[in-house]
Amino acid sequence: MCRQACLSDCRCDAAIYGRGYCWKKRMPLSNGRVGASIEVKALIKVRVSNSTLPRKRDHWALIISVLVLLCSSALANLLLATAMFILRKRRNDERIGSDREADSLTTNLQKFSYGQLDYATGGFKEVLGSGASGTVYKGVLGRNQQLVAVKMLDKMVSKTQEQEFTTEVKVIGGTNHKNLVKLVGFCNEGKHRLLVYEYMSNGSLADLLFDRDRSRPSWDTRTEIAYAVAKGLVYLHEECSTHIIHCDIKPQNILLDESMTAKISDFGLAKLLKANQTRTMTGIRGTRGYVAPEWFKSMPITSKVDVHSFGIVLLELVSCRKNLDMEALNEEEIILADWAVDCFSDGKLGKLVKGDEEAMADMERVERFLKVAIWCLQEDPTRRPEMKKVAQMLEGSIHVPTPPDPESYLGTI
């Protein structure tokens, strides 16, 4: 009873009991006695330490922290999943949009599945060539064993590449000219983007002109190729429904069929011009050695960039050598364009066709081709002729005036 009385009294710090009595004491305790005759007991109240309470608090704090962490993690995962879903949906919408656009633009083309083209190419085994936008494989279609060239575009990881595919399908699918490579069909399935062209059995103009294992092509063959490429560019620039700047005219992009007819290929870099539009702004495109000066001057790009590139190709057709030859015997012959201008200025055109008896016997046409090429290479794009006029001058249907040095600004045409 004494013990309980002290415990229930908040002012009691100690209890002394014995012989039927109970004294409740407060701190500090004093007047204590020790003796054998004393038959009492003292109980000291020991208050429970507050340390247990913080432990309970710490326990609940830990539980709350864990719950907050779990909720935060779940919220972060939810936000991440939502963002990924939105991004994936946006990409799918863009892909579906490009698919629909390609489909709507190519009703006259055959649409292939990836499996069909994988089978046609034997698992994409025989490589015909490769470029900046993809690799071309040889294939065989259907029961009639039609030979085709299948261009597999590199993985579409950006919207720009998706647009490049749509552009190429749109451009080639809507063209029809004997000097342009014909697009047979395409594949637009999932991540796969492939283009199916007619097969050109005689390879590229680069193979014809620069392959040392081949004999020099005849002068007549080279002149016919020049006429064909010029006519193909006239069609692209002026005659097709959407005017097109090719942007990468070079021997590798001029292919030859079984009858050696030249056809322009690879529209992966093409720029489309809307009605009444004559120029466009774009980043540098094309191939070193063939690109026009304005590409490097932040100038508007017009069809005259193709005229410049054609001028280089024309010089290569005349001389049967590359535009840059580091193995040339003389330093002045390394850069073909500079050497050709020097030969024309010095009246030594024979140097360009040395050893070519057919061309030497037709120096009038050699001179005409050289003059046209120099006009095409004028640094100021406004002084270069349009491709229609270039074609007429090549054929001799109109007079070719003497061109000025490409770096001077004295002449006009």
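Glycine is no exception: its Cβ is also placed from the backbone N, Cα and C atoms.
Per TrEMBL, the features are:
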TRANSMEM  60-87  transmembrane segment
DOMAIN    122-410  domain 'Protein kinase'
BINDING   Lys151  ATP binding site
Next on the checklist: Please give me the CB contact count at 10 A for the residue listed as 'ATP binding site', counting all chains in the structure.
Outcome noted: 25
Checklist entry - Tell me, by DSSP, whether Lys151 (ATP binding site) is helix, strand or coil? => result strand
Checklist entry - Quick one: mean pLDDT on the domain 'Protein kinase' (122-410)? => result 89
